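A.B. asks: The structure's right below; bear with me while I get my questions together.
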Amino acid sequence: MNHFQYKDGVLCAEDVSLAAIAKEVGTPFYCYSSATLERHYKVFSQSLPKDSLVAFSVKANGNLAVLKTLAAMGAGADVVSGGELKKALAAGIAAEKIVFSGVGKTKTEMALALKSGIFQFNVESEPELFALNDVAASLGVKAPIAFRVNPDVDALTHAKISTGHSETKFGVPWAKVEEAYAAAAKLPNIDVCGIDVHIGSQITDLAPFAAAFDRITALTKSLRAAGHTISRIDVGGGLGVPYRNDNVPPPDPAAYGALAAKVVKETGAQMIFEPGRVIVANAGVLVTRVIYAKSGEDKNFLIVDAGMNDLIRPAMYDAYHEIVAVKAPAADAPWSRYDVVGPVCETSDIFGADRALPVLKSDDLVAILAAGAYGAVMASAYNARPLAPEVLVKGDEWAVVRPRMDDDALYASDRIPAWIG
Ligand code: LLP
């Protein structure tokens, strides 16, 4: 359920016409709906056991206005870099609601997080554990940790976003978990609090979650029997969203919540969740304008002004995003099939192949749907294309929450060494 609907013949975000925004900010642009963000956060968090911490995964969408919208609803944050930590704090998310994930935390990032007083470090290896102990000792504090364990579960999702099987770089290997906890117990500046697991992203089947949660429940029991304090269980993110209208919808948060309730029943632990996509994906669209409608030998192309630099998911993961015309097609409008492509000089710069759309021409607008997660955050200025602006809508109000990058900024920080002159 989202708040992008046709009203009076034009696609709107809540009560604002996307065509009206395009007129003022130009194209391409990302547009987010506050009502959708709020609804998704509410539905997700209300499905979980009470006292759970919902730590929104900042990597999915790090715009401060988005983070503040979620923070106002009680969200914490899952961060993976010093930069994300600073953003979460700047958005007013309390340090006691922030967890720090990632395989390569540097000592500088650890120090920043310790000084801020974050809730938990999700430690992914013994070398990281020792480094964290050293940093905590130098600051005279104790670092609260959970080990991210790798449960060797196949998440049944795209290989590039699957993290919980034994061949990935993520987490402490299952066979080494007890050793890692024993090592942590001996360190004076480490405070072992829990276990963490994250098996992948865009997971559309509950079975891998159920398998991982069962393994974690059993592990909690055996670690407690060995004398470790496991009062928190962090199950990461990963719940999938509907990207295609014609697919079976992914499990709803209530079914996912029921799995979590079982973990709490058996362990009594506080649970932590790190949702990203399920909160923001369908709360955002990328609006782009047709530059040219081109007829090839066998196909028709819509060449639009957004490119793979703006939204890389189709090029990187063969991801499917619905594409619709911003102007609602008349009942008798002619339709055609198009490859919707960007202007970047790469064959993979394609948003959708062989899509049915009303016949479109230069200057018409299209919206690429479900672009709120891993969209703007993964954008680059490749081909010297300035980063697209982001807009947030609330009811009949809207605001630019990140302006379009200036063309000058594309090279303003380049420096010419003296020998070139
Ligand atoms: N927690 C950890 C430790 C993660 O690595 C991730 C995502 C999340 C939480 C949030 O997962 P979510 O609820 O959003 O599935 N760029 C890819 C997705 C990469 C996901 C990386 N980790 C994409 O566009 O599909």
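Cβ coordinates come from backbone N, Cα and C, glycine included.
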A.B. asks: According to TrEMBL, Glu274, Pro275, Gly276, Arg277, Tyr374 bind pyridoxal 5'-phosphate; which of Gly227, Gly238, Gly342 is also listed for that site?
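C.D. replies: When TrEMBL describes the pyridoxal 5'-phosphate site, the candidate it includes is Gly238.
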A.B. asks: Out of these recorded positions, Lys59, Arg277, which one has the fewest other C-beta atoms within 10 Å of its own C-beta?
C.D. replies: Lys59
A.B. asks: What residues, ordered by sequence, lie under 8 A Cβ-to-Cβ from Pro275 (pyridoxal 5'-phosphate binding site) and sit at least six positions away in the same chain?
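C.D. replies: Correct list: Phe44, Val54, Phe56, Ser57, Gly237, Leu239.
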A.B. asks: Quick one: of Gly238, Gly276, which of the binding-site residues has the smallest count of other CB atoms within 10 A?
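C.D. replies: Each of the binding-site residues Gly238, Gly276 was scored by Cβ atoms within 10 Å; lowest is Gly276.
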A.B. asks: What is the separation, in Å, between the Cα atoms of Glu274 (pyridoxal 5'-phosphate binding site) and Cys345 (active site, proton donor)?
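C.D. replies: Cα of Glu274 (pyridoxal 5'-phosphate binding site) to Cα of Cys345 (active site, proton donor) measures 36 Å after rounding.
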A.B. asks: Can you check what DSSP calls Gly238 (pyridoxal 5'-phosphate binding site), collapsed to helix, strand or coil?
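C.D. replies: Going by the DSSP assignment, Gly238 (pyridoxal 5'-phosphate binding site) belongs to neither helix nor strand, so it counts as coil.
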A.B. asks: In whole Å, how far does the CA atom of Gly238 (pyridoxal 5'-phosphate binding site) lie from that of Cys345 (active site, proton donor)?
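C.D. replies: Rounded to the nearest whole number, the Cα-Cα distance is 32 Å.
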